[in-house]
Amino acid sequence: MVSKKKKKYSSGEGAQFMTRKAALKKLQLSLKDFRRICILKGIYPREPRNRKRAQKGAGGIKTLYHTKDIKFLLHEPIIWKLRELKVYQQKIRRARATREFGRMRKYLRDYPSINIDHIVKERYPTFVDALRDLDDCLTLCFLFSTFPSLKKVPRNQSMLCRRLTVEFMHAVIAAKALRKVFVSIKGYYYQAEFEGQTITWIVPHHFSFQPQNKDEVDFKIMSTFVEFYTMMLGFVNYKLFHSMNLVYPPQLTAGFSPDSEKDLIDEHAYVAERIAALNISLAKVAGANEVEELPEIDIFQSEDGDPQKLEEAKQEAEKVKKLKTMFKGLKFFINREVPREPLVFIIRCFGGEVSWDRNHFVGATFDESDESIAYQIVDRPSMDKQYLSRYYVQPQWVFDSINARTLLPINKYLMGAVLPPHLSPFVDKIKDQVYMPPEERALKDPDFKPLDDEPSGSDIEEASDEDAEEKNEQESEEDGETALARQYQQEIAEDSPSDDEEDGEDDLDKEKKKLAKEKKKAMAVSSGVPFKENPYQKQIEDKQAFRLREKLVRKKHRNLYKSMKAGQEKRKKEIWLLRKKRRLHDEKVKEEKKAEKRKQKMQAFEAATA
């Protein structure tokens, strides 16, 4: 009996992958609905190992999906909801075309909405899974919260993003979970820690929105992502608020009733504005106990028996405990020119009290004239009226103090001072090759001094650079002349034998000479051959031994080893380029200083001669 011939591409990669066109045909969906369902369900195109086999011999490059993912979508109830929406849209179009506006309003009123709660629960079975995937969610929601009403971004979606992000910031403040902050051109980088999971997100700067000339960004696809992320962030906020015994949706405390604003036209708007101010504590669940602080770390014997790791973990926990109350008992006042929201959020995360001008934004708790203010944050060269009871610092002092985990000295951050470089705290400590700028080294090691460090504070040394160079040239010329004279005198002394030596040689007997020669021969020591040690011999031997070890790497691990070596070489090159860039920058600054000094000297000389 002849066995049945197996069809080509019925197994292997030919059966594992499916093109987008075939997926649309199988699901009976339009491309727009297919994109939406894939974004909501978290299904993305895949890259096969052998594209020709995956495309069943077809040429070109096509978008491929796993066949099991498309079969998984067949049982999704949202697909039937999308088909219902399509039916309603056809009915609305028909009613508009026949001018039956009453029926059209009825269809719009009964228009079905899509509920994606079950998708969030399906994709994130536990709360920790949701926290682990919260970075992109927060970044996109903070971005959309700054958008106005656009053609493809509905206004209610932007307002929902704004409400959810403010709630999340309140959760971070209540838990004191913020750990790192960095300001860059893109915006503010924040890093918080919840239940052992590190969450990093970016908040854009508060600039006016500039619409794009061309459709470079597809806002419709981004809006679909935001539709899922808002639902996910709502779940996360609900869980965080209830874990800290806070009322959700957030409400103000019963004791907050300012006398200046008694007549409330819209109570909901009043509460929403003061919650968005981030300056007032939220109401807690009635009868709930205070949130207990985390207990101290218990010391257990680790598997590898390394007590150093346990000690490092204990020290880190102590540092974080101090960091949470770094601004406790301190009052800050923010000037009008300083960005309010990021600084209020940061200061309140570490236990500080903050306020601002009442005419600037709602929610101010004390005025500028309050004598108990410890720091006033300003971003201008000078102020007409200053109080002696407080320090006037620039905003960078707050960010650098948080990253250093201590209150830094304010002499470098005073009003009008030239600020030090703002260093990023987001450095991967696991990597063996990391570029560290001189400022960061000096911060970690106070005794560190760069090789080409120039004492910038000494005006005397700066003014006498050129004089020192001239003196060095004169000294080198004098040293050369004295050395030549000394050498000439030694040669004359060697060439001219003295008269006493000639008389002594003539008086010696031949026998005595013979005896002296024999004695000398007996006592003579033969000169040894000098052995010069190669200073690079040890390095050569180490390299040869390392190459031998490389040959012992197994074949299945060889590609991984090659990629590791390529990564190391790439990091080496990046570090070298950064050092070169820094060296060129320092040389340029040095030349500019010298040019400025010469210019000042010339101006002083012209003023003296005039």
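We number each residue from 1, going along the chain as drawn.
For all residues, glycine too, the Cβ spot is worked out from N, Cα and C.
Remember, TrEMBL labels are computer predictions, not curated facts.
TrEMBL lists region 'Disordered' at one of the ranges 83-106, 251-274, 539-562, 587-610, namely 587-610. Sorting the region 'Disordered' (587-610) by DSSP state (H, G, I as helix; E, B as strand; all else coil) yields 23 helix, 0 strand, 1 coil.
Assigned with DSSP, the residues of the compositional bias 'Basic residues' (513-522) fall into helix, strand and coil as follows: 10 helix, 0 strand, 0 coil.
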